[in-house]
Amino acid sequence: MSDPIAEPADPGQEGTDPTPTAEQGPTGESEAAAETLAELEEDAAEDGTGETEPYDAVVLVSFGGPEAPDEVMPFLRRVTRGRGIPDERLEEVAEHYLAFGGKSPINDQNRALLAALGEEFTRRGISTPLLWGNRNSEPFLTDTLRSAAGEGMTTFLAITTSAYSSYSSCRQYREDIAESIGELTEEGTPVRVDKIRQYWNHPGFASTNARLVSEAARQVRDRTGVVPHLVFVTHSIPDGMDDTSGPGDGEGNVYSVQHQALTQAITDEARATLGEDVVGELTYCSRSGPPTQPWLEPDVNDRLRELAAEGITQVVLAPIGFVSDHMEVIFDLDTEAQETAAEVGIEVLRVPTVGVDPQFVSGLVDLVVERAAQARDESPLRPAWPVAEPWPSVCAPGCCPNLRVAKPAACGAD
Ligand SMILES: CC1=C(CCC(=O)O)c2cc3nc(cc4[nH]c(cc5[nH]c(cc1n2)c(C)c5CCC(=O)O)c(CCC(=O)O)c4C)C(CCC(=O)O)=C3C
Ligand SMILES: [Fe+2]
């Protein structure tokens, strides 16, 4: 799909189960069978579009990834531009992509997420356009915003595919959004882009992960009679990036603290659900950078070796750091960590990422509605679990700083 503009539940969209929209009426077959004409007409009468005012469109902003072998190196150079990542590392990472035919699954996963968001919009009577723009591959965010601006849209709400707070998982998205706004401003079509809050502790993300982990743990326990050890995984980042994550005047370490809090809460939930003494811990994957630079540890592979030595035989591997099964998940976990586990005699069940789980998708739409209400100066309910404080929708000045250069960042108070 090269056209980055997808109307909600566009019946022409690839891989989408067409759902009738308010305008179209009950033309789709699958859903029409489940709902009567009267119910559909009633749904259509409830126009939810006002719930997304003042936004002209909602835009899914993601990392991007290559879709063909010749796109791999340009993608990697773009991701690492100005970053001093050694060529050997780029070639090594290129091999991971080439082992999967040069195609990352991330764009297809975002197409599926867009379709699911569109269906949820339709269900709520929201006809606000849903767009998609990537930071590092087509469709590029700047191009998406430019063509939307060409159709008269000026005010956008971004959903990023990243749940936590750190430079890599929050401010870098905000910087790239600011760069797009800057380009469009120079072209004479200034736009405004706001962002939903980081959602690691929104129930749509956190409780969905808790359910998926508990289901996996129960499945292993019921099949093997062994209570599995829970190994949570997220993307490692440099220690310095973790130390400075969070509001400029805060304590830092917000990235690792958020993950530790969710690890603890989900472990407690699995313990309660199974009625067993479940143990869980946080590990990291996908470190890069020079070996001399400290990154967050322990590495998931090192920990699996130690756990085997401690007598653990069943592990449930929960990639809570990621929203879809992209390259980090299918290579670093399903390939590398699985190999390590097999080597040391541990059986691993990898938990699915939240992906297009209806509870997650519905949570994202709740976050859109919440942010829009805030933009209208209303005070919406802002649910949070496991930590009662929802992350601010407008990041504090200096939040998750860029440690190399100061750059403008959108969606914040600085
Ligand atoms: C915290 C975090 C997330 C989670 C939040 C989020 O989801 O955004 C994430 C996601 C992703 N990271 C991805 C890919 C890459 N990340 C790299 C490099 C780096 N990531 C970092 C951090 C993160 N990264 C860091 C501190 C670096 C090194 C310095 C730098 O370059 O900033 C490199 C360069 C080569 C290498 O060093 O490995 C690549 C190719 C893909 C696409 C996968 C696909 O194609 O399916 C995704 C979703
Ligand atoms: Fe990354």
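A Cβ is built for glycine as well, from the same backbone N, Cα and C atoms used for every other residue.
What TrEMBL records for this protein:
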BINDING   Ser104, Tyr173  Fe-coproporphyrin III binding site
BINDING   His235, Glu328  Fe(2+) binding site
REGION    1-34  region 'Disordered'
**Message:** List every residue in the same chain as Tyr173 (Fe-coproporphyrin III binding site), at least 6 positions away in sequence, whose Cβ is under 8 Å from its Cβ.
**Reply:** Val61, Arg135, Ala158, Thr160, Ser162, Lys195
**Where Glu328 (Fe(2+) binding site) falls in three-state DSSP terms** = helix
**Three-state secondary structure, Ser104 (Fe-coproporphyrin III binding site) (per DSSP)** = coil
**Prompt:** Near ligand 1, which of the binding-site residues Ser104, Tyr173, His235 are found, taking a Cβ distance under 6 A to any of its atoms?
**Reply:** Ser104, His235
**Request:** Enumerate same-chain residues with a sequence separation of six or more from Ser104 (Fe-coproporphyrin III binding site) and a Cβ-Cβ distance below 8 A; give 'none' if the list is empty.
**Result:** Gly65, Pro66, Glu67, Tyr97, His326, Met327
**Message:** Among all protein chains shown, how many Cβ atoms are found within 10 Å of the Cβ of His235 (Fe(2+) binding site), not counting that one?
**Reply:** 23
**Message:** I want to check the contact list for Glu328 (Fe(2+) binding site): same chain, sequence separation of six or more, C-beta distance under 8 angstroms. What comes out?
**Reply:** His235, Cys285, Ser286, Pro319, Phe322
